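In what follows, a single structure is set out as structure tokens and then discussed.
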Amino acid sequence: MSSLGGGSQDAGGSSSSSTNGSGGSGSSGPKAGAADKSAVVAAATPASVADDTPPPERRNKSGIISEPLNKSLRRSRPLSHYSSFGSSGGSGGGSMMGGESADKATAAAAAASLLANGHDLAAAMAVDKSNPTSKHKSGAVASLLSKAERATELAAEGQLTLQQFAQSTEMLKRVVQEHLPLMSEAGAGLPDMEAVAGAEALNGQSDFPYLGAFPINPGLFIMTPAGVFLAESALHMAGLAEYPMQGELASAISSGKKKRKRCGMCAPCRRRINCEQCSSCRNRKTGHQICKFRKCEELKKKPSAALEKVMLPTGAAFRWFQ
């Protein structure tokens, strides 16, 4: 009985010990799990606390705080914080924050360099404005030289024009002295010339306003860069106009049988169209005969009439030119 009791006790002891061991192991298991959970929480707590802490203030060179304008963006977290778990998420968030800070630093450095370049450019422009280069100086000198040359050319042209005007005035005086009739006893001549000149000035403006006192047509003078010349044919016509019978008188004295010419100043001479009604126009057999309405009045007179000197008022011939 004693042996059986001892064996039962031993078995009970072993069972109790086994139960105690199992109980001990069971009790030690929850403790270890709690310790592991606390370690995980402790490991995760610093990361969350680090994320919740506000970022340090960043100031630029001027002392202005560079922070987001919206207050809700001050504690913003990267996307990796919500998509990844554990330490891998923490390390990814740290790398993202490091990349953002590096980008911000790079942008700040670029802005500073641009600002410095802008200051340098402004200083260079100020220097260019204050101190003009030799190219600008040479351009200004060239423009001044061109202006001076132009002024000298204008002065030379004005002097040449004045010389031509003086020459024309002298020639006019000489022509007037040669072709105007002398003062007669009856008082005809210069006063008559002044009266005719005044009447012409009232009727129309003269091409030469300074020479209105001279009854000489401006077409008699040819003005060229080389000088002022007098047209011989116009002067000859003007002389015949002033003394219409003097030319025929000279021709009659020199050669009595010389063919007479048309005066070119009367109304029949100025007519350019035949009437086609007179006998000369109807009879073509007498082709050498001119239209009766175009026959010169001076040619109708007898040759002996050419010896009579007829004086016309001074300046009357020049109405035909105008």
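Any Cβ shown, glycine's included, is placed from N, Cα and C.
Look at Swiss-Prot and you will find 1-100 tagged as region 'Disordered'.
If you look up Swiss-Prot, you'll see 11-20 (among others) marked as compositional bias 'Low complexity'.
Taken from Swiss-Prot, the feature compositional bias 'Low complexity' applies to 28-52 (among others).
Here Swiss-Prot flags T53 as phosphothreonine, drawing on similarity to another entry.
For 256-297, the entry in Swiss-Prot reads zinc finger. Within the zinc finger (256-297), the DSSP-based counts of helix, strand and coil residues read 15 helix, 0 strand, 27 coil.
For 257-262, the entry in Swiss-Prot reads motif 'Nuclear localization signal'. Summarised as a single figure, the pLDDT of the motif 'Nuclear localization signal' (257-262) averages 73.
A simple way to gauge crowding: the CB of C266 (Zn(2+) 1 binding site) has 17 other CB atoms within 10 angstroms, across all the protein chains here. Feature annotation from Swiss-Prot assigns Zn(2+) 1 binding site to C263, C266, C269, C296.
Feature annotation from Swiss-Prot assigns Zn(2+) 2 binding site to C275, C278, C281, C291. Residue environment of C275 (Zn(2+) 2 binding site) contains 13 other Cβ atoms, counted within 10 Å of its Cβ in all protein chains.
Same-chain residues with CB within 8 A of the center of the C263, C266, C269, C296 CB atoms, the Zn(2+) 1 site residues themselves not counted, are R262, G264, M265, A267, P268, R270, E297, E298, L299. Remark: C269 (Zn(2+) 1 binding site) has R262, C263, R294, C296 as non-local neighbours, by Cβ distance under 8 Å and separation of at least 6 in sequence. Cβ atoms within 8 Å of the centroid of the Cβ atoms of C275, C278, C281, C291 (the Zn(2+) 2 site) belong to the same-chain residues N274, E276, Q277, S279, S280, R282, K292, F293, R294, site residues excluded. Rounded to the nearest whole angstrom, the C-alpha distance between C266 (Zn(2+) 1 binding site) and C278 (Zn(2+) 2 binding site) is 19.
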